[in-house]
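S.K.: Here's a structure for you.
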Amino acid sequence: MARNIGRFLVLIAAALIYSSALASSIFQPISDSHRSAALELFNPLGGSFSSVEKTYEELRTFEVLGIDKRSDISTAACQSVSEILGSSSSTLKDLFYALKVNGILQCGIKEDVFEGVASRLQSVVGGASALLDFYYSVGGLVLIKGQTSKDDLYLADAEGVFRSIKALSQSDGRWRYNSNNPESSTFAAGLALEALAGIVSLSSSEIDQSLISTTKNDILKLFDSIEKYDDGAFYFDEKLVGAREHQGALSTTSSVVRGLTAFAAVTSGSLNLPSGKILGLAKFFLGIGIPGDAKDLFNQVDSLAFLESNTVSIPLILSLPATVLSLTKKDALKVKVNTVLGSNAPPLTVNLLQVLRSGSKDTSLIESQELKFDPENAVYTLDAMPKSVDVGKYTFVFEMVLHDSDHKNLYATGGRIRIPIFVTGVIEVDSAEIAVLDSDLGSIETKKKIDLAGENTVSLSANHLQKLRLSFQLSTPLGHAFKPHQAILKLTHETKVEHMFVMGSSGKQFEIILDFLGQVEKFFYLSGRYNVQLAVGDAVMENSFLKAIGHVDLDLPAPPEKAPQPPAQPLDPNLIYGPKAEIAHIFRAPEKLPPKKLSLTFSGLTLLPFLGFLVGLLRLGVNLKNFPSSSVPAVFATLFHLGIAAVLSLYMLFWLKLDLFTTLKALGFLGAFLMFVGHRILSHLASSSSKLKSA
């Protein structure tokens, strides 16, 4: 039970820190943990993936994370790409992803193959009416233009195709998959924006700016429907009803990010999107942590790569290597600022604006301070904690200030950033004593000092007319009163019946007085020895403890009739599920066997009847004169005699090693065989005999 209380205190501390972290999430950029997850999740069976789409997702994820695994799958992947691009029956989707794989692996596809694929895709674009057909065909042409030396690859009527896709847009910024489907989709909006960006890049002349402006307004309307978490993360969710395949928030947001960044890269002018929403999208992807699914990991990493290089606003992530700082160890506050993929941030200053104690309202304990930058480790530090900061839970408010004024429109810093910090320390325990008091006068009969930092073996005795008092003081490293989350006194009877009492406090002083007269029923009138333990724990208390103080011999009155009985104590699991005593079995001594010569002689005598049988056959003049001479009857006769020999052999094997069931199973097959061949040979003999008689 002592171990259980210790674990309970640890769980309380962990839960407090974790719940505070949830209340204000701390976002970390892509790390080595994502790389390890990618190597584990993208593990193709037999060295190849089930589709070219999955092959691309693996290659793209490894490319963004800086993992070189191309040589492991390039041979199989390039062979698949060559087959897909060279086949006239390949689907648009397979062509699209095959071109994406080729863009990473550079499989050495011939120019005439590209020309054939480009011709097919251009014909599809001219007659397309569904959004997915536009998306795959236009995207494929953009990829071919980037992978070949053809600079003259343009759409014949780019503006007309642009208008055809734009006709599928809705007033709320979402898109339909085709004109026959009235339902609109946020996921489809991302595909449409990516297709429109491809059309702009494939146009030989400038697209009508009114169409570009209308599309930008559609993007703003789409962002009006964006949803937000309490931690500042923004995301899109699919509201399409009756869709064949529901897209979750991660895949939907990824689609919008790809479309948004692609369209912004090929158009001039600003989209007028708030940088806070772009930063919120980055927080959404980083807040997922490390996905457990390969598709989700691809969507996360791919989207963050687009946000890293987008022309709208590049998010900067402020993170802390440690959010638990020790006053005792004099830990320094360290802050890192990176892009979403972990690259170094541009020159900037990190200011600590406020330090707010948990529960207080905008009353900062410090004045604004600038953190020092360590260029070698790319870390901003505050060497010493402010003197007004004691142990406890705080909210630190940071601000990033870019040095270059041109960077203010390029990077998203997010304004004031609030991060929960736990400041821990060693709590001083003083004036600890335990005493037995007279119930009537309150005078001290026995009082002993105890050392809660060391070992104690206090021995006390009391009766039901007396009281037990335990008191001590707790103070922080700065000398302030400290109130832990848990301060529990536990008394355990020698029969394992336990009693727990929560201690109260007044300032630094903690005290509890147990009046045994009022507790006799709770103690079930059990006299005898009670072990005394004290547990004190808190999330910010580095020296939380569970201490055995000693014992008290308690003399209580005899229980009256119908007095409450102590609860039944649970059985020790070791007695139920532990190892049982070893069973030593003594086998019966083997019987004395006869001499070996006698056994062999007896076995030989058992063969005498068989020998007599053979002699009898010879005396009767047995011969083979009636053995069939024609081929077919002769075969059946031979098989019949072989079957009888097999049955005799089976009996011999049964005698030597076979069991009854195996023997009966084999005998059943042999018996059926003998009935068949025996019937044939006997029919032949009967026919021959009747012919001789008639002759």
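In case you wondered, yes, glycine gets a Cβ from its N, Cα and C as well.
According to TrEMBL:
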type	residues	note
DOMAIN	30-308	domain 'Ribophorin II N-terminal'
DOMAIN	316-423	domain 'Ribophorin II second'
DOMAIN	431-554	domain 'Ribophorin II third'
DOMAIN	587-687	domain 'Ribophorin II C-terminal'
SIGNAL	1-23	signal peptide
TRANSMEM	600-622	transmembrane segment
TRANSMEM	634-654	transmembrane segment
TRANSMEM	660-682	transmembrane segment
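I'd like these features described in context: how deep, what's nearby, how far apart.
M.R.: Averaged across the domain 'Ribophorin II second' (316-423), the predicted model reaches a pLDDT of 92.
Remote same-chain residues near the transmembrane segment (660-682) are listed as 628, 633, 636-637, 639-640, 643-644, 646-647, 650, 653-654 (criterion: CB distance under 8 Å, separation of at least six residues from the stretch ends).
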S.K.: Looking only at residues six or more beyond either end of the transmembrane segment (600-622), which have a C-beta under 8 A from one in the stretch?
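M.R.: Same-chain contacts beyond the flanks: none.
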S.K.: May I have the DSSP-based helix, strand and coil counts for the residues of the domain 'Ribophorin II second' (316-423)?
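M.R.: Helix/strand/coil tally for the domain 'Ribophorin II second' (316-423): 5 helix, 56 strand, 47 coil.
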S.K.: Pull the DSSP breakdown for the domain 'Ribophorin II C-terminal' (587-687) and write it out as helix, strand, coil residue counts.
M.R.: 76 helix, 0 strand, 25 coil
